[in-house]
Ligand SMILES: O=C[C@H](O)[C@@H](O)CC(=O)C(=O)O
Ligand SMILES: [Zn+2]
């Protein structure tokens, strides 16, 4: 597994574009016919991408985990941004349409991913954190989620927030996971931004038009930087960093968090006028 090692707020202001990218950004997680994982030292997240084509792909344990099977000591969230697929957990099949989320609890032994049609393959985004407790496998279908509608057309940030794995939905040990869809003509996410020292957060941008980009904003509110991102890329946000973005067109992103608490509303606002 590729290892991403975080920078701290002291090293951060000295970093070049290339250093910011190699430290906070994960590119090329999604390759047809492959399952790719990366380890992030921050809150010990494992992030992955998986596009099964003609044959299913199995979630193998990794040498770095020193575990008998991947979920021996971890839980896993799976979010499909591609065509219809099937995820099999210990012999039980779960059908995932686009935007469906599957929670796989600690102790699940055999996990594999398949596409229903190799011509329109599923594309699974994977996010895993250590877990001290077992919660049951559960599927959060997009169609059953009630969005929170935020923003306005006037401020180009009209969007719908769907919480899938959280305190009032599918339960987990520490993972909190959901996604946000921007309306046509809206481009700003999470503005005004916030930090939350209790949790680190990982953004996975999807449905980014190939000729468009998202400028992801990070850093302390008084010293922001940006990372230019394309479709199906992942960016890591330490607790001291804001995480917001602006696209050259609308897009979607999956947000996931691990850490001290699971309280979605526990945010320290960073007012727009204070940003530097
Ligand atoms: O801690 C929560 C996260 O940053 C996101 O859920 C924010 C978000 O999706 C949005 O405002 O568009
Ligand atoms: Zn956040």
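Glycine is no exception: its Cβ is also placed from the backbone N, Cα and C atoms.
Listed in TrEMBL for this protein:
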type: BINDING; residues: 194, 196, 201, 243; note: Zn(2+) binding site
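Positions of the features from TrEMBL, shown on the structure.
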residue: 194; record: Zn(2+) binding site; CB count, 10 Å: 17
residue: 196; record: Zn(2+) binding site; CB count, 10 Å: 22
residue: 201; record: Zn(2+) binding site; CB count, 10 Å: 25
residue: 243; record: Zn(2+) binding site; CB count, 10 Å: 25
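Reduced to three states, the DSSP call for residue 243 (Zn(2+) binding site) is strand. Within 8 A of the CB centroid of the Zn(2+) site residues 194, 196, 201, 243, the other residues of that chain are 190, 193, 195, 199, 237, 239, 241, 242, 257, 267.
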